[in-house]
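Please read the structure below before turning to the comments.
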Amino acid sequence: MTRLLDASFLLLPVIASTLFGTASAQSTCATKGKPAGKVLQGYWENWDGSANGVHPGFGWTPIENPVIAQNGYNVINAAFPVILSDGTALWEDGMDATVKVATPAEMCQAKAAGATILMSIGGATAGIDLSSSTVADKFISTIVPILKQYNFDGIDIDIETGLVGSGSIGTLSTSQANLIRIIDGVLAQMPANFGLTMAPETAYVTGGSVVYGSIWGSYLPIIKKYVDNGRLWWLNMQYYNGDMYGCSGDSYAAGTVQGFTAQTDCLNNGITIQGTTIKVPYNMQVPGLPAQSGAGGGYMTPALVGQAWDHYNGALKGLMTWSINWDGSKNWTFGDN
C-alpha cells in the first residue's frame, strides 16, 4: 500500500502537467480589456464547497481547468480575498479554510485559453469597513500588488455589507465615498483597460425606487458615476435571494421571467431618485442568476432562463451565475444552456 501511494504521488505532477499545463508556463501576461462579444460570467470559488458538503460532486477546481471554458464560461470572477479589520487584503493558500488560490502562471494559462479574470471583492462574509478612509487606503495599498502579481484583468465589486446611502441622492454617505475611494484608488494604479464590474443585490439598486436611504438604492450614485465616466464594463445585479422591486414600487418574485424582465427594463429605462436618473442600458447588463437550485433563492430552470434571454433578442451583454463550482456539481446545466 505504501509503494502504491508513493507511485500515485509521483504521477500527480505528470497528470497535472498533461491536463492543465506545466510549471514552466509564463508567470506574467498582459491585462485583457473588456470582452467584445457576449459573456457568460461565473464565480470561481477558492475554497472547497464539496469537502464542506455545500455542493458535493464538484468542489475546488484549478482556475485553468479546461472544463470551465468547455461549458461556456469566458469571464471568471475569482472569489474572494480575505480582508482583515485594518483593510489588509490577503490572497494566498490557506488564508481561510480549504482555500487555494491560482498561481500567476495558472492565471496566465487560463487567460491564454480565452478567460478574462476579475477579482471579486466582498461577498456575504468578506466585507470591509467602509466607515474609515484609513481602512480604505490600506486595502488599496495591499490589493493593488496582488492584482498586478496575479495578472487580474479587473475587479468585481460585490460588497454586501456596510454600504448605506445618505438619504439624499446628491450627497454621498461616508461609506459610499469610501467605496468610490477604493475603486478610484485601484483603477488609478492599473492599466487603462483594467475592468470594473459590480454585483449588487437588488435592494441596493432597484430598491431605491421605494425609498432611498440605508441600504436601499445605495449603489445607485456609484453605478451612475462609473456608467457616466465609461469605466463600468457592466452591471451584474443579483436577481435572486428575495423579492425584487421594479421602478414604480412594484414587487416581483425572484425566479420568474416577469421579475427578470421588470428588473432589466427598469435599469435600461432608468430609475429616477429625487430628480436624478440612473440608467444602465441593456448592453451593459449581465444579470446574475443561481446556477443550480440550492445555490441561491430564485433559481430559474434552463427553460425559464432561455425565455428571459430570448425576450431581449441578443440585446443583453450576457449572464452571470453563482457559481461555476455549483454548476459543475449539477452537470453544467446552466453553462451548457
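In case you wondered, yes, glycine gets a Cβ from its N, Cα and C as well.
Marked as signal peptide by Swiss-Prot: 1-25.
The predicted model assigns the domain 'GH18' (38-337) a mean pLDDT of 96. Positions annotated as domain 'GH18' by Swiss-Prot: 38-337.
Long-range Cβ neighbours of GLU160 (active site, proton donor) (same chain, at least 6 residues apart, Cβ-Cβ under 8 Å): GLY122, GLY123, ALA124, GLY127, PRO200, GLU201. GLU160 (active site, proton donor) falls within neither a helix nor a strand when secondary structure is assigned with DSSP, and so counts as coil. What Swiss-Prot records for GLU160 is active site, proton donor, and it gives sequence analysis as the kind of evidence.
For ASN331, the entry in Swiss-Prot reads N-linked glycosylation site. Under the three-state DSSP scheme, ASN331 (N-linked glycosylation site) falls in the coil class.
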